[in-house]
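If you look up Swiss-Prot, you'll see CYS95 marked as active site, S-selanylcysteine intermediate. The domain 'Rhodanese' annotation in Swiss-Prot covers 12-136.
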Amino acid sequence: MRDNTQHYRELFLEDTPLMDVRAPVEYHKGAFPHTVNRPLMNDIERQKVGTSYKQHGQQAAIALGHELVCGAVKAERLAAWKAFAEANPNGYLYCFRGGLRSQIVQQWLKQDAGIDYPRVIGGYKALRNFLFETTRAAVDECDFVLVGGLTGCGKTEVIAALDNSLDLEGHANHRGSSFGRRATPQPAQIDFENRLAIDILKKRHRGVGQFVLEDEGRIVGSCSLPLELYQGMQGYPLVWLEDGFEQRVARILKDYVIDLRSEFERVVGAEEGFAVFSAYLQKSLAGIVKRLGGERYQRLAAILVQALEEQGRDGSVETHRGWIEGLLKEYYDPMYAFQRQSKEDRVEFRGNQAEVIAYLRQRQALRPS
């Protein structure tokens, strides 16, 4: 039999399969990328047992748990645990603290299925704390540099080209702007933090000691950056990415119109996908109406409506350039120019995409071991 484990680092580095036996409501608040939820109790059962524990103590709660999870219910859950254990002989199971729930699942697997299956000592809480400390330690011990630039200049492409980058927007499943939503939902806050920490852990294991991040605000869609990381970002050196206006318009047209429409249609189907995509763009523009001002908003909204009608009718996207150009010239570029004033003394390099990528690679290579 394999031993229970406290080797949290290896679990994440090796993407070890984990069976989370917490209730679904706990799992959906936060889990880990390589886990599946095979609960001992469902949400209602957990609530009843919790109430019994508060009112009558541990023994009464345990007795109620055995009463609720018995017969066909127990057999069904045992079959799910057995299937996971057989499919993942190198895996582990865990509950919140590695205590009673995971021990009961271990006991039932042994007694009723003849399977010895190890658990994670300390459970979810210990794994979560380990990842929290992973991020904190990286902020304390590693070097960081930010990539900034005007909207549409290709910062995400720079991040993707580097092997020492942390893709904050990728982990958040959001592009970070008022128009940044994707066709699929964002992760829960805890899931976002866990994914980022695992990325940091794996890169540091490969020897990365200098990380490149996109210059972001504290909030990426609905996901908040870890506070210690965001605080550090207020002082990290900055590399400024430059690109021509027409190139930026073309990139935004591709990302936020052509590709995003396709993304929505893949998720919900062609007809409904275009309708959802159209409503999303209009809602996003309406979301910044106060910052645009009424007259400017009405003008850009009219162009957007016309562009969507043409796109829906014959696939043409050229009219979209009108509202994109207007947003850049009249909203995003002035806003970035204002924000950049406070960061100017931190800019250590400026260049186009190829120059910035080359500079950042050289910067990493020159870092002392």
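Count begins at 1; order follows the chain as displayed.
Positions of Cβ are set from backbone N, Cα and C atoms, glycine also.
Cβ neighbours within 10 Å of the residue listed as 'active site, S-selanylcysteine intermediate', excluding its own Cβ and spanning all shown chains: 25. Taking H, G and I as helix, E and B as strand and the rest as coil, DSSP gives the domain 'Rhodanese' (12-136) the counts 78 helix, 11 strand, 36 coil. Regional average pLDDT for the domain 'Rhodanese' (12-136) in the model is 95.
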